[in-house]
Each structure stands twice: as structure tokens, then as C-alpha cells.
Ligand SMILES: [Zn+2]
Ligand SMILES: [Zn+2]
């Protein structure tokens, strides 16, 4: 720490002063309520007509988009993509068609669940017709700007983008999880291809200038293909996306978005102002080797400047510790203020454009990423005031859990002991006497006992990402002979992301991460002291703070849902799990999860996991990211409470959930 004043970590004080007569035990844990009304579960009816004519794309999407009917040349690599598609179809088919059996100490069996993707010979021919597409997917030439979306429309489009990205990630992770072929699998391309065949790419029927409905400044993408899938930037390679002159109604090209990656020698990026170099004339090392011409994207940028058309800017940023070396951050809208022909560093003529960020937009994602990076290395030099503790866990977690409040004097989280894992009543653990585990000394693979317990699959990929949600996941545990690094122990290795419990005016205490959390990644356990129903009743009478796990809605069902890709997809309910009938006391000990805010459209889900005992009625509640969560963005969890805040301590009243 570079701070001149010695930092007093308040969490290290033996007895934090309690200002009022209230004690920690009487504090009620109330999930924080998102100040929003209930979002749509179903796509809404078409927006009511207003004085302003609605952009045509706001009409409900048609199932079979006719605009895909035109023939256009396939992008390079298309053939291998369809080979991949076929391979993955086979993979899904064989993986899911396995019968499920009853194993050892597992008693949850759903006899009706057999295959996720039911397979019969007729389907092979259906698949075959998909493999050889007769249609291609030319983009529309209609240029629209979407403005003045109502709150409901905004919510609808945000959810549409969210679901689309979840499908993308679900297919991507699943297709990459099978490493048996030994070759590198491009899950992003497979996901994009499958989704295109199903007409699931967004915004192909219109070319949108300006903001894309449902995409927010600061959204982070790991793959260029994902930008194409959501319609943020329609080019898989080129840095400038534009409507070509040949398709434009007035015969002039119009630029809609650029990717600024900092790879070009003549680019200058100072955040709000970018000097962007046009394209053309660069060698494979991004060095200029011939003069640029005012054509294609260069001309489109120049035309956009003349017409005052705004430009979406996406920055490619190096990111260490991710599954890709680079991430793409949407940084919002810029205006092209100037354009000139210049001699570049290599001595060749280049077109330069001065892009200036439009004011009044949220903070740029790339700036937030930089801030988070500084906070990771030296929080006190970035924020000299506001930190109450630099590690609430006092080294019980792998990484620090910080406590920050710069808006008031509340320091309530200091009153609780930090609990890393849930604590179970002795009788739960006593049932372990006859427990069995797998015998995989060198690591678990297909055929392992735990693999079979999970219905013949592992639910995590090699990076520990959740492949799909399940009623319950059996991880390898104390009775298994496999090493701690086993793939099937993803939630036992502790925190990977540095979290910060912070005070906010909107949600009270909340949680954010200083690291980028990738969709599907393990976040943390929801930890507490586990109580049986009888014990819980006594505690409730004392007014203690209890969490009822049965109330968490089954958000895991949304993760890895392939029904949009395979219409006959049925989620496997095996292994099944009984309803939860326990409570957790968090009145004296708790972990970071306890401060996560409530939302009905959460970015974190609860997955039940068993590993240190075999009592299926008392699983661990493990939290996983449902989307890429940018650094410093607030985490949210659906607590299963009404959105309409009644002021009642909902977690205190017992219910069936
Ligand atoms: Zn194992
Ligand atoms: Zn094993």
C-alpha cells in the first residue's frame, strides 16, 4: 500500500463498537429490492402506437425470417463449421441419450428422464437438412435508429439479449467440454453457427445506427462472434461495420460501429477522444504498407461524419486470467468530428478520423476495467477513504473480501464472523459411515463413479464453468480418491474473484467483484449455519435471521437450456432432488453471499451441490454467474421474494417457497 497514513482494518478490531442497543442478532437480513417492476416472462405484445412512428423492428419477430432467403456467398470456414455442427449434434445426442441408472448411495431417480435430446432415425434426416443449409443469412439493408424506448421495451430487449447470450454461452461451453477429439474446438463458432441456423441472431432484419436495444454501455464479450450474434458489430474480422453503398437507399455507405483494439500504429486512443485510422493497406502485423483509399469503410466513416450519424465503439482490451487473451467492451456512442488524409508512421497515406464520445452516457466499460485493475493491486491508493476492511475473511478465503462504504457511517458487516462454508448439524455428517466414492487416483474421467452419479456426465468444463444447471450436482468428495484438482470439484477450491461488499444508496449493502466474472463461473457458496425445521422454528421465535433455501427459484433451469437450438430438447431432471426443508442461520456468521442484492432478473444463480456428505436433503448452495459480470458491476440473486416490497422481513417468515 502506498498510503501515507497506516490503514486501520476495522475488521481486525477485537470488538467492534455497537452504537445502539441493537445487536447483530436482531438485525434482519432483508434482500434488497431492485427498484423495478416485474419484467416480462413472455415477449410483450407489440408496443402501443405512440405519436412517434415506431421503428419497424419493434414488431414481434417472425419465426422464419424471410430476409434470410437471399443467396450470398458463405463466409470462409463455413464448410468446416457444418462439419463441426454435425459433430456437436452427435456429441449432444450420444451424451444425452444414455440411460440413467440407480447408483449406490444416490436415491434420487426420475424414471421419466432418459434423454435430453430424444433421438430417432427421422431426426437424423432433420439434422442432415440443417447441416446443408439452403438458405443464407444476408443482412438487411434497412437502416434504423431506435430511440425513446419505454421502460418495458428496454426490459424486454435486455432480457432478449440476456437469453441470447445465455444460449450462446451454453452451446459454446458444452461443445468445448468434449476435449476427447484432441483438437481445438472453436465453441464460439459452433454456437454462432447453430444459432444462425435457428434464426437466433439478433438485429439481422435491420441495420441499427446508435444504441442496440438491450445492450448496455459496459457490457463485456469474450468473443467477436458474440458481437455478431447480438448485432453490436456485424463483421467477424473487419474493424469497421457499415452499410455498403450498393445496399444503401441513397447509394452512399454508412458506418455503424468500429472496434478499437489499439493494434494499429496510427491509432491514438485517449478514451473520450479517439484518432481512428481507416482500413486497408496493412500487412498481417497491422503495419501500413500501401496508401489507403477513400472507399469501403473509410468512405462510410466519412459519410457518417457528413450526416452526423453516431458510431458505436467497442474496445478490444487485453485481459489476463480470462479464457481468451482479449475481451470486447462496449463503450457507447461517439461522433465523427473530423476526417483527414495523413502520412502515417510507416510513411504511407492513411485516413484518420477524430471520434469524440457523446456526453451523458454511463462510464465507459474500459475505464471501469482499468479502475478495477488498480483496485486489485492497491485499493488504498485509488480510494484513500471508504475502505473499512481489506479482508473481511481474515485470510479464510483464497482472495480478499473487501468492505467499502463511502456514503454513510454504517459498518454492520463488521459485526459478523466470516463463515467460508455452510456448517451442518452432526447427524447430516454421521450418515457418511457407509459412504462411497470414486477410485480415480489420477483424476476423474468418463465412467467414474461420480460421473455416473450425475447421470453419465460431468457438469463442469475444464475451466470449472458450469455446463448446465441440474437439480443437484454430485461433486467428487472426501470419499473419492481423485486429486483436489479434479474437474468434478469446481466449487471446492474456494473464491477466485476478489469481492467487495459495498454500501449503495439504491440497494443498501451489495456485492461487486474487482475481477471480471465469466458466465458459468463459480462465484461463491451461500454459507450459513444449517438448521432443521424444528431448530428453525425456535430460532424464528428468537427473532434471528434465517435464510430459507427452498425459496430460491430454480434459476439453474435457465443455464445450459438448449431448447432454442433443439426443439425437442427436454431438460434432464436426473438426478432429482427432494424439496429443501432446512433453514440457514446467518445472524452471527455469514459470508460475502449474504450481501448479494435481490433481482428477479439476476446475474447469479443457485446450484445445489453435494460433496462432503451424502445427504441429498442438505446440499450446499453454490452460486454461479449467469452472464459475464463486468468488474464493479453489482451481483444479484433471485431470493424468490415478491418484487413489491412490503417492508416485511420476508426471510423471517417461513413458507413453502
Ligand atoms: Zn474426481
Ligand atoms: Zn472419479
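Quick reminder: no glycine exception, Cβ is built from N, Cα and C everywhere.
From a predicted model like this one, the values you see are computed outputs, not experimental measurements.
The region 'Disordered' annotation in TrEMBL covers 1-81.
What TrEMBL lists as compositional bias 'Pro residues' is 42-58.
Under the heading domain 'YDG', TrEMBL lists 210-357. The domain 'YDG' (210-357): residue composition by secondary structure is 22 helix, 57 strand, 69 coil, according to DSSP.
The annotation domain 'Pre-SET' is assigned in TrEMBL to 436-494.
The domain 'SET' annotation in TrEMBL covers 497-640.
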With helix taken as DSSP H, G or I, strand as E or B and everything else coil, how many residues of the domain 'SET' (497-640) land in each class? 20 helix, 48 strand, 76 coil
Residue counts in helix (H, G, I), strand (E, B) and coil for the domain 'Pre-SET' (436-494), per DSSP? 8 helix, 4 strand, 47 coil
What mean pLDDT does the predicted model reach across the domain 'SET' (497-640)? 91
